[in-house]
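*Asks:* Structure provided below as structure tokens; questions to follow.
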Amino acid sequence: MRTGVIAKKVGMTRLFQEDGRHVPVTVLSLENCQVVSVRTAERDGYVALQLGAGEAKQKNVAKPQREHFAKAEVPLKMEVAEFRVADDALLDVGSTIAASHFVPGQYVDITGQTQGKGFQGAMKRWGFGGMRATHGVSISHRAHGSTGNRQDPGRVFKNKKMAGHMGDRQRTQQNLEVVRTDDERGLIFVKGSVPGSKNAWLLVRDAVKVSRHAEAPYPAGLKQAANSNDSAAADTPAEVAAVEATEGQEG
């Protein structure tokens, strides 16, 4: 079992397939998603990875959390979450997970906080059909109908569908297809809609009801650190121009 990731919902758009069909997708962004801590069976009683994502200001982070991030030698994180993993899927603290952790064609489960709608009536909240506009209906056009009957049972049953607060609940959408990934920009394109509003933090995991994709990297798809020697060896355009000018003067 691999780790999931913490992603930010950017918004929705569409992608065109090779045959011309367009697919509505949700764009998810990985903002420096790093391993902050490791949970082991010997010390904690279970095996998991604690990940952090985003960049928080120091004034918005409590001192114990600042010490926690400093111990891991990672920047201050805006969002932190734990993912249960297998023993052979543990990662080093400080490892950065890339968008290549997921591959096109695989299915994922996405957990988020749905958009809050405030206090809503029974028709909008539960999809009730309502009553007729005229012909025998008085002030009950959008009412939910019977609530507690009469003397028997003389009470309102639990979970009765009535008007009340709608939305702002944690929900998980299962078996969403990954259409495309952009490793350079850290973007994941998922088919369809996902819970939450724009800029909301989401938890993205491998689908539990579908086998893991054969091409999905195990234990994780990590972002490779840039090699300083390679970058130093590469000539900049200014250096190339200077060499060419020098060669012209020698001639």
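Just so it is clear, glycine is given a Cβ too, placed from its N, Cα and C backbone atoms.
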*Asks:* Identify the region 'Disordered' range according to Swiss-Prot, selecting from 97-127, 159-189, 221-251.
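*Replies:* Spelled out, Swiss-Prot records region 'Disordered' over residues 221-251, not the other listed ranges.
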*Asks:* What count of other C-beta atoms do you get within 10 angstroms of the C-beta of GLN151 (N5-methylglutamine), across all chains shown?
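*Replies:* For GLN151 (N5-methylglutamine), the 10 Å Cβ neighbour count is 5.
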